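Worksheet: one structure, shown below.
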Amino acid sequence: MLPFNSCVYVLLIISLMSNCRALCRATALQGRSLCATGGPDAAFRAEHERLSAFESRPSSGSYDMRRALDPIEIETWFHIVSGETDADLVTDEMVILQLHYLQKAYEKASISYRLKGVTRHINETWARNGDDSAMKKALRRGGYSTLNVYFQTNLQPPSTTDFARWTSDGDNRHAYNSDLAPPSVLGFCTLPDPSINSSSPRSSYSKDGCNVLAKTMPGGPMTHYNRGGTAIHEIGHWNGLLHTFEGESCSEDNAGDYIADTPQQSVPTDGCPSQKDSCPDSPGLDDIHNFMDYSSDDCYASFTSNQLKRMRDMWFSMRKGK
């Protein structure tokens, strides 16, 4: 018979699973993710398949060359949303360091981020993600091609209602459960939506953007996750990338993240191991240093060449001019 504490833990996991439409999986308490939910819908997967075919064909001229080489500059807004007791948590220096890390992480893709502004707000409800829709309706700036990042000081798991709604929308997020209560969400972000076009009303993309726990910014108090890596990971989703362990299977039928040069991976990485091979019968070790894994910040280092190319192609296909 399980000890009482173990029974409580098992019941908690069962309860969480009953509220998730998508896969929920338990990991170590100090890992980047307790419950990975949601995922790309059929239309988004089809776009990845189309771009995979596009990228594998020979270049057809000057347009392809420009698409491959032209620098991409993304207008960006940072919104610092704090509770009253955390009003001074995010300093100007942390904002500067986060932006610097963002520029460095994406420079090999020739993608840069032009910070249009930083807004600061003290709102207990928004700081804990109590009303995501109202917050974004009030704070969001720019069109669909504008990146909005919401750094919230007490970002919490969504309510059961919001949880079901978000997963049905196909958003990507990951939750973090420390040994401190209550559990916090490190971040979540929207994938590009193939249905959005230049004439789409603002209401159709009002939730677009990335929510990031402010404590993960450079210099924040989240040990092993305070170098700014969460924002890099989430913005990778905004740029169209999936997790390196997408599908969580070694099966040949699993398309994974639709990126040819990321090795097959069946489980997220926890922390920063010396190496890991979750699919030993497939070529290559798990890319534990990839920004789209769940490794700790001290392990994060890079995107692959094909990930860099895919983000550029996603920009031209899904966000530019919208």
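Glycine residues also receive a Cβ, built from the backbone N, Cα and C atoms like all the rest.
The active site annotation in Swiss-Prot covers GLU234 and is backed by similarity to another entry. Taken residue by residue with DSSP, GLU234 (active site) is part of a helix.
Residues annotated as Zn(2+) binding site in Swiss-Prot: HIS233, HIS237.
Taken from Swiss-Prot, the feature disulfide bond applies to CYS272-CYS299. Secondary structure at CYS299 (disulfide bond), taken from DSSP and collapsed to helix, strand or coil, is coil.
Annotated N-linked glycosylation site per Swiss-Prot: ASN123 (among others), in sequence order. A coil conformation is recorded for ASN123 (N-linked glycosylation site) in the three-state DSSP classification, outside any helix or strand. ASN123 (N-linked glycosylation site) is surrounded by 18 other CB atoms, counting those within 10 A of its CB over all protein chains shown.
Look at Swiss-Prot and you will find ASN197 (among others) tagged as N-linked glycosylation site, backed by sequence analysis. Mapped onto three states, the DSSP output places ASN197 (N-linked glycosylation site) in coil. Residue environment of ASN197 (N-linked glycosylation site) contains 11 other Cβ atoms, counted within 10 Å of its Cβ in all protein chains.
Look at Swiss-Prot and you will find 1-22 tagged as signal peptide.
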On a count of neighbouring CB atoms within 10 A, which of the disulfide-bonded residues CYS272, CYS299 is highest? CYS299
Whole-number answer please: how many Å between the C-alpha atoms of CYS299 (disulfide bond) and ASN123 (N-linked glycosylation site)? 33
Closest of the recorded positions to CYS272 (disulfide bond), Cα to Cα, picking from HIS233, GLU234, HIS237? HIS233
Find, among the binding-site residues listed as HIS233, HIS237, the one whose Cβ has the highest number of other Cβ atoms within 10 Å in the structure shown. HIS233
Residues that sit under 8 angstroms from GLU234 (active site) by C-beta distance, when 6+ apart in the chain: VAL149, GLY187, PHE188, CYS189, CYS210, ASN211, VAL212
